[in-house]
Every structure is written in C-alpha cells, then in structure tokens.
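Residues annotated as domain 'DYW' in TrEMBL: 810-893. Look at TrEMBL and you will find 1-25 tagged as region 'Disordered'. The repeat 'PPR' annotation in TrEMBL covers 115-145, 146-180, 217-247, 248-282, 283-317, 318-352, 388-418, 419-453, 454-488, 489-523, 590-624.
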Amino acid sequence: MESLILPSKSRPPYPPAPRHETPVDLPPKSVKFSLSFIKPQSLTASLNVTDAHLNHLCKNGRLSQAVEALDDVAQCGFKLNSRTYIDLLQACIDSESIELGRKLHSRIGLVNDVDLYVETKLVGMYAKCGSFDDALDVFEKMRERNLYSWSAIIGACSREQRWREVVEIFGSMVREGVIPDAFLLPKILQACGNSGNLDMGKSIHSWVIRNGLIQSNTRVCNAVLGVYVKCGRLDLAEKLFKNMVERDRVAWNSMISGFCNCGNIEEANRFFHAMHDEGIKAGMVTWNILVASYCQSGKCDVAIELMKEMEKLGVRPDVFTWTSIISGFCHNNMGAQALELFKDMLWSGIEPSGVTISSALSACAKLKVLNKGKELHLYAVKMGVMRDVLVANSLIDMYSKCGDLEAARRIFDMVLKKDVYTWNSMIGGYIQAGYCGKAYDLFNKMQESDVKPNAVTWNVMISGYIQNGNEDQAMDLFEQMESFQIKRDTASWNTLISGYLQIGQTNKALGVFRKMHNLNVAPNAITILSVLPAFDNLLSLSKVKEIHCYAFRKNLASEIPIRNSLIDTYAKAGDIVYSKSIFNIMPQKDVISWNSLIGGYVLHGYPDLAIDLFNQLKKVGLKPNRGTFLNVIYACSKAKLVDEGKKIFASMSEDYQIIPSLEHYSAMVNLFGHSGRLREAMDFVERMPMEPDHVVLEALLTACRANSDYGLLVQTAERLLELEPGNSLVSNLLLQARIISGKSANTAKVRHLDKGAEINKPVGQCWIEAKNLVHSFGAGDWQRPCADLLYSLVETIQDRGMSSNPLGAMSIDEEEKEEICGVHSEKLAFAYALVGSPSVPRAIRIVKNIRMCGDCHRTAKLISRTYDVKIYLNDSKCFHRFENGKCSCGDYW
C-alpha cells in the first residue's frame with residue numbers, strides 16, 4: 001500500500017467541491033424559502049433570522065430546502081454563521097446525504113468565518129457519509145490541523161478499515177507535534193493490532209506508561225492488550241493482563257479470544273472459568289468466542305454443550321451463536337446435522353442472517369439435497385435477503401452442485417452487483433458438470449466485465465479442462481496466466497498436479513512437482529498431501545523418499561497432516577519400519593496418526609501390534625473413529641480373534657455411538673471367514689440391517705473360496721452377479737464352482753446373469769522395480785532378452801517341490817493355469833530379480849494386476865525362505881509380505 005504523504009505547506013482553504021446534478025429531496029415538501037420580504041434593521045438581525053429559519057427547516061426534516069435557500073442568502077449578500085453551517089453539515093451526516101453535503105461544500109463561501117472547526121466538520125461529513133477520498137482531499141488542503149482534525153481523518157480511515165494508513169497518518173500527526181488523547185489512542189492501537197504493527201504498538205505502550213494512562217484509563221489499557229493479542233504475543237498480553245488494576249469483561253474477552261485464535265482452547269477455557277471466579281459474568285460476546293472457536297477446531301459437540309450451558313445460565317443464544325455452530329457442522333462434513341440445527345434455530349424464534357442461510361445452503365450443496373436447498377431459497381426470498389451477494393453466491397453454488405444449472409444461471413443473471421465469487425461459482429458449476437465450453441464463454445465474459453478473473457477462476461478452468469481429458473487446453477491456460485497479469489501461485493501448481501493425479505498421470509504430476517521446485521515456487525501442505533497418495537505403492541518408495549526430503553527442506557514435514565500421510569504412504573510402499581519411526585517422533589498425534597500406523601500394521605501382517613496400538617489410543621484419551629474400528633476388526637481377523645472382533649464391533653454403537661457402515665460389515669465377514677466360521681458369516685450377512693452390497697458379498701465369496709465351500713460359493717456368486725451383471729471373473733468362478741461341487745454347470749443361467757460378458761480368464765501382468773527402472777512381465781512372456789535364463793531358474797524353483805498343487809482340481813483362480821498360458825508373470829519377476837542382481841536383493845517389490853494364484857503364492861513363500869529375501873507383492877485383492885516362508889495374509893486372500 002502506498003504511503004499517505006501529508007503536506008506541511010499551506011494550501012488554498014476552500015477547494016471547489018464537485019457538483020452533483022441529482023438533488024436529494026427530503027419530505028415534507030414546502031414552498032421555496034425567500035428572503036425578499038426581510039427588511040432587517042441591521043446585518044446581525046438579518047443573520048439571526050436567516051440562521052433561525054435554516055435551523056427550523058433542518059429540525060423539520062426539510063434539509064433539501066434549507067440547502068436550496070442558501071442561494072437566496074447569497075443573492076441578498078448575507079453570510080452564514082459558522083455554527084449554522086456546522087449544523088447543516090451535521091444534518092447531512094444524520095440523513096447520510098452526501099449529495100446535499102457536496103452542495104453545502106460548494107457554498108462554503110457563504111460562511112462568514114471559515115474556521116478550523118468548519119473544515120474539521122467537513123472532513124467528518126465526507127468520512128461519515130462514505131467518501132474517504134473527499135475527506136482526505138479536504139484534510140490535506142486545511143491551513144492548520146489540530147487534534148480534532150487528525151482525529152476526524154483517522155476515524156474516516158478506520159471506518160474504511162485501512163489500518164496501515166491509520167498508522168502512517170498517526171506518524172505524520174506526531175511529527176507535526178500533535179499529541180493524541182485517550183479518545184484517539186484506542187483507534188490507533190486498534191489499527192496497530194489489525195495491521196500487525198507490533199513495534200508501533202510497543203512504542204505507544206511505552207508512551208502511555210510514561211504519561212500515566214496505562215493504569216488510569218481502562219479503555220487505553222484494553223487497547224494495548226488487544227495489540228499484543230492480535231499480534232500473537234500472548235506472553236506480553238498475559239504479563240500486561242496480570243498487572244492491570246481493573247480487568248473488565250473486555251480484557252477477559254481479549255485474552256480468551258487470543259488463546260482461541262492460536263488454537264489453545266484449553267487455556268482459553270481456563271481463563272473463562274477464572275473470569276467467573278473473579279465475579280465477572282460472561283456476556284454474549286464471551287460465550288460466542290468460545291462457541292466459534294470450538295466449532296472452528298472441529299469440536300462441534302463441545303460447542304453444542306456450551307450452548308446448552310448458556311441457556312441454563314439464562315443467556316439466550318443469539319444469531320451469531322447459532323450461525324457459528326451451523327457453519328461449524330457444515331465445514332466438518334456434518335451437513336445433515338447442520339440442517340437440523342437450522343431447523344432448531346427457527347423453532348427457537350431466532351431469525352437467521354444472510355450468513356446463516358448461506359451456511360445452510362452450503363450444507364445442502366455438500367449433501368446434494370436439492371429439495372431442501374429450494375426450501376431455503378424460498379425462505380431467503382421471504383426474508384428479503386436475496387440482494388445479499390453472499391446468499392446469491394451460495395444459491396448458485398448449491399444449484400450447481402445439485403445439478404440444476406438452469407436455476408443457478410437464473411440466480412447468476414439476477415445478481416446486479418456480481419463479485420468474483422459470483423462469477424467463480426457459476427463457472428465452477430459448469431466445470432463440475434463437464435460443460436467446459438459454457439464455462440469458457442462465461443470466463444471470456446468475465447474478462448470483459450468490471451470484475452476480472454482472479455487466480456481461483458483460472459485454477460477452476462485449468463482443473464475443469466484436465467478432468468475432462470483436455471490436458472493440452474489445461475496446460476495452455478496455465479501458461480497464459482502470467483500474460484494476463486495473474487501470478488501462478490502455489491494453488492495454481494497444486495491444481496495442475498492434482499488434475500494429473502486424478503486422471504492417473506502420476507509421472508506428469510511428479511514432473512510438474514519437480515518443475516515447481518526448480519522455479520522456486522514454494523509448496524504448501526496441500527502440495528505434499530496431493531502428491532504423496534499417488535505413490536502409495538510398492539514401486540514408488542524412492543519417489544516417496546524424494547517427496548519426504550523435499551517437504552523436510554521446506555519445513556513442512558513437521559505438520560501433523562503431512563506426517564500422517566507419510567506414515568500411511570511409507571507403509572503402502574512397503575516400509576513399515578519408517579512409518580513407525582515417524583509416528584514415534586511426533587510430539588502431537590491426532591486419531592488419524594494412530595489410524596495410519598494401525599492400518600500399516602494390519603497391512604504388513606502384524607495384527608497383535610495393531611491391537612496393542614488400539615488399546616494405547618484409548619488410554620491416551622483419544623476417541624476411535626470409523627477408520628480406527630475398520631482397521632482393528634481386520635487386525636482381529638488376521639489374528640483369528642473372533643470373539644474380540646465381535647466385542648469391538650458391538651462397542652462401536654454401544655460405547656461410541658458410531659453406526660457401522662457396509663465396510664465394517666464386510667470386515668466382520670472377513671473376520672468369520674478367516675477363522676473358517678462360514679455359517680456365522682452367512683448368518684451375519686442375513687441379519688444385516690441393510691442390503692449387502694458387492695463389497696460384503698465379495699468378502700463372503702473370498703471366505704467360501706478360501707475354505708473350499710463351493711456350494712455356498714455358488715449361492716454367493718449368483719447373488720453377486722445379480723448386483724453386478726457383466727462381472728466376468730465372478731461368472732468364471734461360478735462356472736468352475738458348479739463343476740467342482742458336482743452341480744450342473746447351468747451355463748445358460750450364468751450367461752444370463754452375466755448379460756453377455758465373455759467368460760475368459762484374465763491375462764496376468766506384473767511390474768517390478770530394479771535398478772530404478774520398472775520392468776513389466778506378462779504370463780508366458782518369451783520376449784525378454786534373458787528369457788531362457790529366467791525359465792531355467794523358474795524350473796529350478798519348481799523342482800524344489802513347490803509346483804504341484806495339493807488341492808488339484810479344487811483350486812479356483814482368476815488366471816489360467818500355467819499349462820495353458822505359460823509361466824505366470826510373478827514367477828518370471830521373481831526370477832528376474834534374482835538373476836538381474838550380482839547378489840540376492842534384500843527385498844523384491846512387485847505389483848500384479850489380478851489376484852495371484854495359490855501355486856505362485858507357495859512359490860513366493862519358498863523363495864523367501866530359500867534365498868532369505870523379503871518379497872512384497874500387491875495384487876488386486878491383497879497386500880502380501882513374504883518372509884521366512886510365511887505370508888502376512890495368513891494364506892487368506
């Protein structure tokens with residue numbers, strides 16, 4: 001912001017004010033005032049009559065006529081008393097009529113003595129009527145300025161919230177030798193706090209101490225306290241607070257607000273109770289500070305309890321209280337509860353504000369409940385808040401996300417004063433629906449309007465094109481931003497990275513990430529959190545380490561969300577040891593931190609460690625969430641602790657009021673199936689309170705296959721095909737299961753359920769990383785340069801007794817048998833890893849596109865024992881860690 005330079009030279013005192021042709025008439029109407037009948041005995045008497053009549057018109061609401069009467073005063077050669085002129089300016093302020101104020105300014109020559117007070121009042125008139133530029137112009141041209149003049153311009157600047165300029169004007173005022181008083185100092189200190197100017201705040205604090213104001217004037221003392229709080233120096237604020245002679249409610253609120261703003265709600269709560277102990281009753285502002293803070297930190301349940309406590313103490317929650325809670329629930333993905341609270345608010349008799357309605361509309365948008373959104377629209381019309389651009393923007397967003405783009409466009413077209421959010425909401429709506437052409441047309445119209453596209457607009461357009469498969473257009477827009485004077489910020493790069501990741505272009509995403517680094521564009525937590533999940537596979541461990549090092553260099557690796565993501569990503573990339581080390585060094589952990597490591601232990605086949613960690617989580621006072629229970633039930637499954645798993649499942653609803661989802665029911669089926677208790681699994685599915693989906697039935701199908709119950713497998717497969725017609729893998733399993741179980745194959749029925757899908761075994765393919773390169777293998781692949789050597793090693797392994805299948809015809813696999821399709825791809829990958837290195841590698845990492853067969857699973861176990869090597873293999877069904885002849889899946893996958 002440019003510095004405000006105040007001239008020291010004298011300037012002409014009466015600048016001509018701009019004239020406005022549009023008059024402002026105030027009722028009641030009256031005949032035009034005329035001085036033609038007045039024949040005074042002296043000039044003083046005439047002036048008194050004139051002043052009295054003008055004052056009479058003002059008091060009776062006829063300000064417009066009073067201003068017009070000044071022309072008659074001029075024609076008669078009379079002058080106005082400065083007091084009358086000041087009263088006329090005050091009338092303009094009271095009626096908020098800047099047009100009449102400008103007319104008065106243009107007639108300032110009629111005042112018999114234009115003194116400092118007249119000019120100061122003129123500054124105040126422009127300031128209070130909303131024209132800061134005019135106020136500043138008059139101020140700069142004043143011949144002299146006293147404390148009241150400076151106070152008027154500082155007050156004008158404060159109303160505009162131009163806090164930095166307030167501090168600059170104050171500096172000029174002090175340099176001119178004008179000393180602030182106790183009324184002006186709080187405004188200056190407010191500006192210091194809001195602009196983050198701690199040094200100026202400290203200087204003023206020192207000055208007020210020397211002048212004895214810090215102890216004698218509570219208002220000034222509170223203002224100094226506010227500077228330290230807003231600048232985040234709670235240590236200085238607390239020191240001042242303890243030494244205050246009188247601590248009123250304002251001081252306590254400042255301290256509570258300061259601790260809330262820095263996230264230390266516990267300390268804020270301590271001050272809240274200490275305030276009560278000192279006999280100061282918490283007012284509405286105090287309660288609202290705490291409620292809003294708990295909502296912003298995600299502790300909406302605590303905010304609800306606070307609101308109930310307010311009511312018990314006789315403090316009725318106001319619209320701000322309700323709005324904070326409704327907004328909090330909405331932002332914490334609890335839209336249904338937010339809408340229920342909105343209904344409760346109406347029943348309690350509190351009239352919502354535009355912000356409240358906007359928050360409720362945001363909940364409708366997230367839930368995609370168009371009918372409720374329409375009800376809120378009607379309510380907004382009834383309330384008369386449709387002119388509120390915030391409400392209009394929320395309606396456009398709601399209709400867009402609910403798929404009613406025509407309604408969104410109608411609202412958009414009705415908004416007369418569109419802001420950048422209005423345009424962005426409509427453009428975003430078209431983008432989300434895939435109408436990139438319409439979005440681009442609106443984007444061009446926005447460039448021609450008074451509101452120019454900002455970085456968010458460009459990012460939305462880039463994201464839309466890339467998600468709809470037009471990578472070239474997305475990149476063109478990205479490159480064009482600078483030519484339109486729009487700086488490509490971190491969010492712009494994040495948009496491009498996340499767009500490539502969403503369409504599966506991980507290498508391009510990593511390339512953009514590296515280019516961002518090379519151009520010294522600072523990443524943020526979103527950048528790292530966007531990139532990391534794209535490399536949560538066994539072939540990307542080196543890339544995960546690269547991103548981790550980058551985050552560390554940029555001081556981002558200590559943030560809790562990034563550490564949580566690193567724990568999860570390292571585990572999925574095969575390094576559970578590093579996941580544990582990151583977890584152990586975290587000074588603060590949230591429930592996601594614990595879930596990430598618990599899930600990692602389950603993935604790597606350490607169910608006992610996962611269960612121990614779950615018990616530790618409860619001991620430290622954290623509440624397990626849905627993800628925690630899902631991981632722990634799977635841990636019980638791998639440990640074959642059926643009774644323990646059943647207790648944990650029951651405790652979800654009984655102890656933690658968490659309604660199990662279909663994922664939890666699928667995990668319970670896995671629990672029963674892993675221990676061979678198929679009948680219990682079947683009964684559990686039949687007793688489910690909702691219809692099982694394909695995930696639950698696939699878990700039951702896996703249990704049937706692993707326990708060789710082909711009769712039950714047939715029933716489950718037929719049921720699954722009814723949900724997923726066209727699933728060739730299930731169709732294939734069903735045909736083979738019917739043959740093996742001695743039932744009629746009934747291929748006609750299977751093909752009817754399959755709705756024409758070809759029942760063919762899929763072709764197996766896998767990928768392995770060696771020497772920083774990823775190699776691909778297909779079943780029966782003879783095209784490799786060292787194919788003979790690979791097959792020779794495979795035969796050697798098979799000769800050790802692992803090639804035969806003890807179950808014979810009872811094996812049902814997704815892939816064709818090796819006698820038909822040739823050696824399976826993972827065996828070739830095993831051999832390549834052993835042959836391609838001068839020494840046996842410590843670990844082999846393989847990703848396969850389909851479920852590995854039983855024979856290959858046994859081969860992997862043999863290799864891990866014979867060659868003392870760890871094998872990490874991720875197929876379409878399971879993560880396998882082979883070590884010392886055993887697999888983390890417990891031979892159940």
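Cβ atoms here come from the backbone N, Cα and C positions, even for glycine.
Curation does not apply to TrEMBL; its annotations are automatic.
Note on the repeat 'PPR' (454-488): residues 420, 423-424, 427-428, 430-432, 434, 436, 439-440, 443, 446-447, 495-496, 498-500, 502-503, 505, 508, 521 of its chain, located 6 or more positions outside it, place their CB under 8 angstroms from a CB of the stretch. Below 8 angstroms of C-beta separation, residues 389, 392-393, 396-397, 399-401, 403, 405, 408-409, 412, 460-461, 463-465, 467-468, 470, 473, 484, 486 of the same chain, each at least six residues beyond the ends of the repeat 'PPR' (419-453), sit close to that stretch. Across the repeat 'PPR' (146-180), DSSP assigns 26 helix, 0 strand, 9 coil. Residues of the same chain lying 6 or more positions beyond the ends of the repeat 'PPR' (388-418) and with a Cβ under 8 Å from any Cβ of it are 354-355, 357-358, 361-362, 364-366, 368-370, 373, 376-377, 380, 425-426, 428-430, 432-433, 435, 449, 451. Same-chain residues lying 6+ beyond the ends of the repeat 'PPR' (248-282) with a Cβ under 8 Å from its Cβ atoms: 218, 221-222, 225-226, 228-230, 232, 234, 237-238, 241, 289-290, 292-294, 297, 299, 315. Break the repeat 'PPR' (419-453) down by DSSP state and the numbers are 26 helix, 0 strand, 9 coil. Mean pLDDT of the predicted structure over the repeat 'PPR' (318-352): 92.
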